[in-house]
Amino acid sequence: MLAKFAALAALVASANAQAVCSLTAETHPSLNWSKCTSSGCTNVAGSITVDANWRWTHITSGSTNCYSGNEWDTSLCSTNTDCATKCCVDGAEYSSTYGIQTSGNSLSLQFVTKGSYSTNIGSRTYLMNGADAYQGFELLGNEFTFDVDVSGTGCGLNGALYFVSMDLDGGKAKYTNNKAGAKYGTGYCDAQCPRDLKYINGIANVEGWTPSTNDANAGIGDHGTCCSEMDIWEANKVSTAFTPHPCTTIEQHMCEGDSCGGTYSDDRYGGTCDADGCDFNSYRMGNTTFYGEGKTVDTSSKFTVVTQFIKDSAGDLAEIKRFYVQNGKVIENSQSNVDGVSGNSITQSFCNAQKTAFGDIDDFNKKGGLKQMGKALAKPMVLVMSIWDDHAANMLWLDSTYPVEGGPGAYRGECPTTSGVPAEVEANAPNSKVIFSNIKFGPIGSTFSGGSSGTPPSNPSSSVKPVTSTAKPSSTSTASNPSGTGAAHWAQCGGIGFSGPTTCQSPYTCQKINDYYSQCV
């Protein structure tokens with residue numbers, strides 16, 4: 001993800017504070033999800049918390065803000081240790097202040113929420129395991145599925161669902177000054193090594209703090225916080241991408257200044273993490289009719305997103321595979337339509353070919369590539385769900401042409417290059433929202449199924465501004481045939497309308513997922 005800015009209006013100051021106050025009670029909204037096995041799924045009674053960077057932070061002895069607008073009040077504290085001692089984070093009023101609502105297994109995130117004392121912009125939430133710990137997910141060799149409604153998110157917005165290698169307790173045990181922990185949403189990190197957090201590693205980030213020139217609620221400090229990141233879903237109703245971001249150091253770690261790299265530093269590639277990642281955006285890969293309103297995956301209504309993290313015989317991450325389910329039909333991810341880049345999933349060979357075809361800087365392999373990402377996925381990662389706008393690049397990297405002058409790989413969506421300006425998005429689309437629901441996690445093949453009527457749609461032919469000298473015709477949404485006899489491990493091997501191989505390479509067998517999709521397992 002290119003950036004994830006915290007934004008909260010002046011009267012509700014934001015900070016990743018380490019102390020805790022109780023002027024507002026903290027009650028986590030409940031959010032159910034399902035843990036699945038080959039025999040079925042069981043309900044898990046979970047909850048969510050909002051990130052500490054959105055919370056009201058004030059002096060421990062009263063209600064005076066420690067941070068207002070985009071500046072620290074240095075008359076109250078001026079050093080990292082001093083602010084950690086004198087300031088506290090408080091409880092959250094989830095619906096009225098942040099526009100966060102839950103119902104059963106559904107989470108709704110409102111973009112702009114006008115409360116009695118503040119106007120809140122966006123939010124970042126985490127799935128909890130009890131009151132004091134984040135829920136951990138070991139994704140390698142497993143499958144993660146959720147429903148999403150992006151019909152209320154247009155150009156310049158990102159309704160994101162992703163995983164990061166945060167400490168499950170929010171860093172409370174590692175950093176003894178942190179008295180808030182996961183309960184209050186502390187400990188965030190990602191592959192951008194963000195420097196906009198007010199507290200990192202149990203101390204404040206006030207030293208060297210520079211207010212943003214285009215965000216009235218944010219700034220950057222000397223320190224950043226880094227860890228591995230797996231973007232399962234970055235999307236609005238125009239475009240979507242899924243992207244692994246490996247780091248040479250997997251777990252949360254603090255960085256300093258431009259050595260952080262990422263969006264917040266002058267040297268983007270100077271840190272421990274791959275800020276760009278290896279992304280699969282169907283539009284960018286040459287299919288302009290696969291995702292969007294009225295397209296193969298129709299974003300005007302809810303659909304299901306399935307992501308599989310497939311291991312090879314050595315136990316390393318070999319492939320990140322994507323399916324959609326809509327109106328009871330399984331839809332395979334679109335095939336690449338870029339010369340020299342084949343496939344419809346993320347593999348090491350796909351990433352190598354894409355970097356070459358687009359002429360991108362290959363920091364992905366410098367940071368360990370897919371194998372290093374797999375090491376992070378083998379350990380517990382924290383689920384993040386957010387909605388945000390982009391003060392760094394207006395979200396053009398997701399849904400428009402970026403860089404704006406064009407070139408190989410620049411065409412990412414239909415939004416104008418003049419779109420996504422945060423001040424305009426906030427003023428013109430305040431009621432935007434994203435809804436995540438029906439989260440499921442389990443072994444591959446355990447979390448999704450399709451209906452029993454109709455025929456699955458195919459990917460129609462499409463055209464896109466050329467990313468290489470010659471564009472290939474679009475492929476239909478069927479798995480590529482492997483070499484040898486039968487379909488390869490995890491490939492499609494049957495279903496209504498499927499014309500490929502119906503047997504599997506030894507020792508795998510063809511397992512029916514539903515009437516429209518069978519898979520070699």
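Keep in mind that glycine also has a Cβ here, set from the backbone N, Cα and C atoms.
The active site, nucleophile feature in Swiss-Prot is assigned to GLU229; the stated evidence is similarity to another entry. The active site, proton donor annotation in Swiss-Prot covers GLU234 and rests on similarity to another entry. Summarising the annotation, Swiss-Prot assigns disulfide bond to CYS493-CYS510, CYS504-CYS520 and lists similarity to another entry as the type of evidence. What Swiss-Prot lists as domain 'CBM1' is 485-521. Under the heading N-linked glycosylation site, Swiss-Prot lists ASN32, ASN287. Here Swiss-Prot flags 447-486 as region 'Disordered'. Summarising the annotation, Swiss-Prot assigns region 'Linker' to 451-485. According to Swiss-Prot, the feature signal peptide maps to 1-17, an assignment based on sequence analysis.
In the three-state DSSP scheme, GLU234 (active site, proton donor) is classed as strand. For the pair CYS504 (disulfide bond) and GLU229 (active site, nucleophile), the C-alpha distance works out to 33 angstrom. The distance from the Cα of ASN32 (N-linked glycosylation site) to the Cα of GLU229 (active site, nucleophile) comes to 24 Å. DSSP assigns ASN287 (N-linked glycosylation site) to coil, not to a helix or a strand. Take the Cα of GLU234 (active site, proton donor) and measure to each of the recorded positions ASN287, CYS493, CYS520: the nearest one is ASN287. For the disulfide-bonded residues shown (CYS493, CYS504, CYS510, CYS520), fewest C-beta neighbours within 10 angstroms: CYS510. Counting other Cβ atoms within 10 Å of each Cβ, the lowest count among the glycosylation sites ASN32, ASN287 belongs to ASN32. Listed in sequence order, the recorded positions near CYS510 (disulfide bond) (C-alpha within 10 Å of its C-alpha) are CYS520, out of GLU229, ASN287, CYS520.
Put simply, of the recorded positions ASN287, CYS493, CYS520, the one whose Cα is nearest the Cα of GLU229 (active site, nucleophile) is ASN287. Across the fold, the C-alpha of CYS493 (disulfide bond) and the C-alpha of ASN287 (N-linked glycosylation site) stand 24 Å from each other. Cβ neighbour count for GLU229 (active site, nucleophile): 28 (other Cβ atoms within 10 Å of its Cβ, all protein chains included). The Cβ of GLU234 (active site, proton donor) has 26 other Cβ atoms within 10 Å, all protein chains considered. In this structure the C-alpha atoms belonging to CYS520 (disulfide bond) and ASN287 (N-linked glycosylation site) are separated by 26 Å.
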